[in-house]
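Q: Below: one structure in structure tokens.
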């Protein structure tokens, strides 16, 4: 069983750094003064040997308080001295341990710097769980949730039994809540609750957080407010938790309190936020919220002070700078507003609000051309809430701009025009801070300088100070801010409505509503975390800067990276220039946010030159070069040596595979005229063509992501009437139907319910009914459409002349429809005639066939190796997705109406995954409808076609697709697994990706692989090697588990397997459990068998006292299957 203690690497690195490295450096440099070379005593080395990131936040480190801190400070000095004297020859583990020490000292910039060096020097950094955990903690501190989530997921992937898994689940739950992924949040809170190990929060506090998430899902804000207030009454509540709770309570009261008057609402919010900053004065987010509240009630001076504190205390936030620009603009200080907006768009190039406000600033000063460019950039931002209004404004300005005389127009901001030219121009951090130094005027007003010293508040020509008697103009409404996160407390988002206006937001006309507001932008940006005062962290990669023009284009002066293999004690300070590069679009800025100077995320791994374009490596063969040809006895012998000796150099014992990654977009990108490729179509004219081998090869060819076979039903004389609504009602009227209530929308667009903006999230609600009831709805829907058709035509004709009226008509005009989905037709008694009719199909497309991998699973997987029916009305949507485990799919339209399909080739799923992340949607479990314009902008090809009645659509392996009915129709579908290496490879890659994302794989690939080895003779060498590799790894795991359990004195109880028994999954984490089932003693006595994996069982009961281990296979049987599975000749 896996150890819950500190890793061997963590224990040994101290000796390597403080002993071996120290002695080596000291012996080679006798002439150097020894006084400058701190040394650790043997006792100190022993104490540090067990110190790593897993101790962060736990009392073990704080038992002797100052003594531990002094030891860590000494260790940091020692390690830094060793590194400086090493001249580039340092064990990478030194940097990892140095990162741990700085993390425990809460010196986050230096911790991140050290971790960065370890990442660049250690090729297999991903094997070090303590490093990944520490890195995740640092990212969490800087609110860079995208990268923190990736780091924590990697820890759980490479070491599911990690000692701080509960802490990881807790923080994942908090971050997913901030990202509004409530389903994932609830799951991780649940996993944290069942873990019996220690955590920074108590079980009661986790229960309350889980309840808050549940109320957020139901949008019960009053209940959430009561829960926050109740949480504040908890005794011995950690200060960080209390501060963050007050922060969230105050902000929620400010934004979503529906009944309170503005004065009392903002007063209570300010009171809560002021208490929050008293408890945690370093929370930049609390200061930002406080500034927003002060701004909303016209307290400009207090708002500026709060914004300044926000920037000083935490990260460089584009939202903060945008808010500062809004205040300056309201105070009639356009030059200062311009500077602030420039800082905002450089920090976040996609910040729609800053671009809109900047555009409004230009427009108000008679510069329509620049205003148009700003508005265009605003429409490209993911958080743009009023795209339609902006587009209308752009068109109007384009017309009006012809009336301006460039020679006579008064052009402002001449000194800043260079920022919008094609010349590379840097926006310096010192400029941004200089802008704020003169915010207040008076002898008692001082700001803290970048190094902590007082800074003068003297006004400058470019940053005029605000007079205490400045007119208090009521600010325009500022909508929801970026995120609800602080350093290490309770992170919640009940108070931050999803990217929309608060309930009390006033409506604006296009000319008024384009300015002085901030869109919500969740700070789970995947960019590298910002640092206090914008100080660039010392990092091993120094990147040359890039510039940004107003057109949104980049002028790259080239990108070169220089490795620096040393750490200086003063690395946490800003460099001499204090400059910040253009942060909006660096070369690797596909879905990343802010990137600091000299800083790239350790999780952004660039492929080496000549690497295959797919970044997701083959999960079976690529991660190890071991031979797959040893006998089973050799495998087991090596495993036994491993258990005896602790470590073994045998190549049979396979290194762990690195965590999977989504593929990068294929390179070179396709030209624009290739982004709408014709859909491969085959027209069937005779009854022989459907069964021909060339048809099978054409459909399964990876070069054809999707194929339409037209006329198939007629050629095979399929009686599609058996699947008509009338026949279904006659056969089984009370059969269960899952219903999705959706909004009827155009096929190529997806709007929010108000019709004000396009979005990726596809909203629907779930319910159930019966076939006969849905049939009645289907018929009434058709009749209603006939009655409304004439009226609708008249309305459209009357509104066709006005774009404004058309926009008003679209808003709120979407009606609700019901989509009958996932209707199970697996029961051969109920649906005998229907299933028999499908046997007429070609063998390669049948539900059951010898060449279908899913026919070898050995049990039913509803909707995959069984038929499912879909009953549709116009507008019914199947949102974007890939099939489970990337298997192929067959879909036949029964009619009488048509369906429109959209499909993207499998290599581009990483790009779509990035879009989902940007929009805070779970790619695997969320409901999304892609924005075609965004896909085309990123050079993603989209197949688009109409499926008519009788057409069969073959969806190839891994193809991303989404479908909408454009008429009343029924469809039937099922999955298939061609017996090819390509299919098996992508299925296993998705199996591993699901594991990383904590998503259940419906197809049990380990169970399937062993069944394939029993049932199939394989002649394809690639397929054979991948299956054999899977068997090898599984056999090793089974033997290692047995040895560890027997060594611990745990008895194995023979259970065996019954015929057609389904594969087993852990009831907690939902990973597949093969061979050894850990079931609770209670469920075993009742024969209900609640199965756990070994890691979850150990977390619930470290000694497995409450578990019985059931054995399903004899090891001799597995050895026989492994040895008998051999490659056969293709002529065999």
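Each residue, glycine too, has its Cβ placed from N, Cα and C.
Automatic prediction, not curation, is the source of TrEMBL annotations.
I grabbed these lines from TrEMBL:
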- 472-490: compositional bias 'Polar residues' (COMPBIAS)
- 509-521: compositional bias 'Polar residues' (COMPBIAS)
- 547-558: compositional bias 'Polar residues' (COMPBIAS)
- 657-670: compositional bias 'Pro residues' (COMPBIAS)
- 785-797: compositional bias 'Basic and acidic residues' (COMPBIAS)
- 458-565: region 'Disordered' (REGION)
- 655-679: region 'Disordered' (REGION)
- 785-811: region 'Disordered' (REGION)
- 92-125: repeat 'TPR' (REPEAT)
- 129-162: repeat 'TPR' (REPEAT)
- 318-351: repeat 'TPR' (REPEAT)
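Quick one: where do these features end up spatially?
A: Residue counts for the compositional bias 'Pro residues' (657-670) under DSSP, split into helix (H, G, I), strand (E, B) and coil, are 0 helix, 0 strand, 14 coil.
Secondary structure counts, DSSP: the compositional bias 'Basic and acidic residues' (785-797) has 13 helix, 0 strand, 0 coil.
Across all of the repeat 'TPR' (92-125), the predicted model scores a mean pLDDT of 93.
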Q: Could you give the number of helix, strand and coil residues in the repeat 'TPR' (318-351) as assigned by DSSP?
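A: For that range the per-state counts are 27 helix, 0 strand, 7 coil.
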